[in-house]
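The feature transmembrane segment is assigned by TrEMBL to 6-26, 53-74, 80-99, 106-126, 146-164, 173-194, 214-231, 238-262, 274-293.
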Amino acid sequence: MGVSDNTRGLLLAMVSSLFIGTSFIFKKKGLLRAAAGGTRAGVGGYTYLLEPLWWAGMISMIFGEIANFVAYIYAPAVLVTPLGALSIIVSAVLAHFLLKEPLRQMGILGIISCIVGSVVIVVHAPQEPTPSSVQEVWDLASQPAFLIYVAASVSLVLLLIVYLEPLYGQTNILVYLGICSILGAITVMSVKAVGIAIKLTLEGINQFGSTETWFFLSVAVFCLITQLNYLNKALDTFNAAIVSPIHYVMFTTLTIIASSIMFKDWSGQNASSITSEVCGFITVLSGTIILHMTREEEASSPPTGTIVWYDGDSSKALEGAHFISLHSSDYFELVSGDK
């Protein structure tokens with residue numbers, strides 16, 4: 001008995017989440033080591049490119065994204081997207097044991113609330129129709145409602161990058177992750193189009209002679225590169241155990257909204273499904289608030305305007321090394337890592 005396309009998609013999505021969840025930790029450790037010997041990524045540094053651990057995380061993420069990309073070819077987004085919750089569990093557990101990042105009971109409750117709320121939204125979301133060609137996807141993407149959504153998304157991303165990032169990027173996690181998540185939803189739409197093109201081409205119906213296919217591919221690549229840059233900044237500035245769930249919640253919610261607008265599925269839902277989605281969204285918001293309330297600043301992210309010396313070798317930064325900070329008020333303060 002053959003394996004169904006949906007089963008293939010689900011298995012690939014699970015493997016993808018394992019690789020991506022692990023990549024958060026490798027990249028975080030690489031960013032910490034890079035920060036100990038150069039300019040932090042959170043303030044524009046790129047010394048992490050010389051760190052083998054960061055590249056290990058990058059390779060792991062590439063494998064995860066490839067598996068996720070192929071999963072979208074075989075299964076609809078409504079089935080693939082919720083399994084991203086597995087990456088939250090993987091990264092949170094590994095961050096606790098390998099990065100010594102605290103995972104409090106309220107933090108666990110927040111993560112569970114985010115996962116449950118996101119799953120409820122996805123489970124009750126309407127099924128997407130399966131386009132039979134890239135041209136059909138292009139027609140859906142050219143609808144006025146989706147064009148308005150894209151215009152609003154691009155405007156918000158520009159606002160976050162140009163105005164809000166310089167002011168609040170180092171203190172508000174929603175700035176960096178907002179950029180990643182908004183672009184992520186657009187990326188999924190483009191990836192589905194490219195996935196459909198690949199699948200149809202393998203079946204003998206060439207789609208790569210179409211201009212639309214290359215347009216969707218270009219959008220996906222641009223969005224992925226931009227997301228990577230701001231995800232690095234988020235990981236360098238905030239705890240990995242917090243970055244993962246909030247990124248997942250925002251990405252999942254925006255992806256469901258984008259898919260629903262593009263495929264016009266909301267009109268076919270009954271009152272029960274709509275109510276369930278609203279409840280799921282409220283649960284997601286509650287979980288996000290809990291995560292914000294329990295967030296702790298890392299010792300490796302000293303206050304703005306301080307000069308920092310390490311009292312040991314740079315590897316101690318990974319285990320909560322002690323720092324000595326010289327403030328403009330001419331006094332010394334001892335800042336300790338996680339205890």
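Positions of Cβ are set from backbone N, Cα and C atoms, glycine also.
Whatever TrEMBL says is automated annotation, not expert-curated.
Scored by C-beta pairs under 8 angstroms, the transmembrane segment (146-164) has its highest count with 238-262, from the stretches 80-99, 106-126, 214-231, 238-262. Tertiary proximity for the transmembrane segment (6-26) is limited to same-chain residues at least six positions away from its ends with a CB under 8 Å from its CB atoms, namely 53-54, 56-58, 60-61, 63-68, 70-76, 79-80, 83-91, 94-95, 98-99, 235, 240, 243-244. Beyond the ends of the transmembrane segment (53-74), by six or more residues, the same chain brings 5-6, 8-10, 12-13, 15-20, 22-31, 33-34, 80, 87, 188, 191-192, 194-196, 198-199, 224 to within a C-beta distance below 8 angstroms of the stretch.
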